[in-house]
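Annotation comment: TrEMBL describes 37-57, 77-96, 108-128, 134-153, 174-193, 199-218, 286-309, 329-346, 353-375, 395-422, 434-453, 465-483 as transmembrane segment. According to TrEMBL, the feature domain 'Major facilitator superfamily (MFS) profile' maps to 39-487.
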Amino acid sequence: MPDPVLRLGFFRLRFASPFARKSLAMKYSATIASNPYVVGSFACIGGGLFGLDISSMSGVLNNQSYLKTFNHPTSDAQGAIVASMPAGSFVGALLVTQLADRIGRRPTVILAGIIWVIGSILQCASVNRGMLVVGRIISGISVGLSSAVVPIYQSEITAPSIRGRMVSLQQWSITWGILIQYFIQFGCSYIDGVASFRIPWGLQMIPAIILSLGMLFFPESPRWLFDKGREEEALQVLADLHGKGNKSDELVVLEFEEIKQQVTFERTEGAKSYLDLFKTGNPRRVFLGCALQMWSQLSGMNVMMYYIVYVFQGAGLTGRRGNLIADSVQYVLNVALTVPAIIYIDKWGRRPMLLAGTLLMGFWLYLVGGLQGRFGHWGTVDNNPIWVVENNDAATKAIIVCSYLFVCSFAITMGPVSWTYPAELYPLKIRGKAVSLATATNWLFNFALAYAVPPGLNNIAWRTYFIFGTFNFAAFIHILFMYPETVGRSLEEIEEIFQQGHVFSAWAIDRNVGKKTLEDVVGGAKAKKSDSVEEEKA
């Protein structure tokens, strides 16, 4: 017979009022919430899962035990294996449209971690391609969930002054995931047998466990709480996040009033479904978010991440150890050069970073393609036909250096901004759906490129780099004309940016448009209330 005290406790929990159960569901550490950098960065572990996956594949492409276990996959088969993860991520990103709005931002992050563990177990235990692909699809669902919901969560809990820095940590966590997993792969490559790839695939579940358990101590998004009618809880979370528990703090009152006005307005608009993404004012922003995620993939960065082994083989870098060392240098640069972007993204602004990045990336890719086209020829590496540069150290070194400079250009510009910009574009009522749609676009193009690049390198060789270089120049033109600056504004103030118009002359929108003081917000609320009272009297 259970202890009476335990039975009484269960009875109270089971039949507690809805408010009491909600309170229990949102318990968190106020101490953790009071540190903006801790609360804004921890969820980024979800981004690190994507990084882990990238190098979990790139590190085994020339692993003989991997090749033997999975029957020496051809370029088409290897492309399908790699592409299975972004295929799952596409599904996961679309699921966020329901999960993030229905169960909340925090529970969705926790769920993503649990799903990743399941996928990692299947990959680690896989004995054939089918089992490996299923495991990667499940892991992909986790990555899709986390990559869509983490920027939403970060953008809704951080102050405007550091929001860009916090959301850009998503990209930095991806680079750390790539680097850490690659060095684990590097070390395990000296193990004989299947343990050389199973150990790294098994270890990658550890960050996901930390993520799911750790998020229990973090608060839910105050904007989501307010939208669900839990205003007092939203105010308390804002106070813990930005006012050290003081509900009267100026920033806390300002954000609360802005959220209140925005949510009230959006409720009257009745935004409920995907159709709301196409209501007046929304299509422009939905298009910008999706297009930016598309351009981030068409930049060619993930080609360099997934298939860097093939790239350096084509450059004439032979030998497994030499190739692994050269690859690791690229991953270290990716981590290091993301740091300046994190520090200065809220000072430099989104537009300058995107414009500079796309120009530089296009330039370096054209150089890589030109050098390979001029000094390469069709040859054979590991019994596979490949366009390769041979007996030309100068050309080999130049291609490797240009590849490094390309990665550095992405890391300091497009990488962080491609996550930050879509997360701050949208009004609250469509934010969950719009961000997940933008992220799904990222994964759709990721899937297509992961599948198509190995056959592309096998068939059109160096011309592949010219294709991606041209995509970067096209992105520069698009961003120049259509992407307004959003730096330094709260999520509610960004509304006024798009009320300015200038659809094809984004440079004409001033960086100070939309910025408000507490007096502006409170005064506007009073004016609206006064107008509504007058209308009722009339």
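Cβ coordinates come from backbone N, Cα and C, glycine included.
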Seg_contact(the transmembrane segment (465-483), the transmembrane segment (134-153)) with at least 3 CB pairs under 8 angstroms, min sep 6: no
Contact ranking winner - 77-96, 108-128, 174-193, 286-309 against the transmembrane segment (37-57), Cβ under 8 Å: 174-193
Recorded stretches the transmembrane segment (329-346) and the transmembrane segment (174-193) touching, at least 3 CB pairs under 8 Å: yes
Residues of the parent chain within Cβ reach of the transmembrane segment (286-309), under 8 Å, 6 or more residues beyond its termini: 54-55, 57-58, 61-62, 82, 178, 277-278, 323, 327, 330, 334, 354, 358, 361, 365, 403, 406-407, 410, 414-415, 417-418, 421-422, 425-426, 430, 434-435, 437-439, 441-442, 445-446, 449-450, 453-454, 457, 464-465, 468-469, 471-472, 475, 478-479, 482-483
Selected stretch (most C-beta pairs under 8 A with the transmembrane segment (395-422)) from 108-128, 199-218, 353-375: 353-375
Distal contacts, the transmembrane segment (77-96) - CB-CB under 8 A, six or more residues away: 50, 53, 57, 61, 70, 108, 112, 115, 119, 129, 132-133, 136-149, 152, 306, 432, 435-437, 439-440, 442-444, 446-448, 450-455
Sequence-remote partners of the transmembrane segment (134-153) [C-beta within less than 8 Å, at least six residues beyond its ends]: 43-44, 46-47, 49-50, 53, 81, 84-96, 99-100, 105-106, 108-109, 111-113, 115-116, 118-126, 167, 170, 208, 211, 221, 419-420, 422-423, 431-432, 435-436, 439-440, 442-443
Overall pLDDT of the domain 'Major facilitator superfamily (MFS) profile' (39-487), taken as the mean: 88
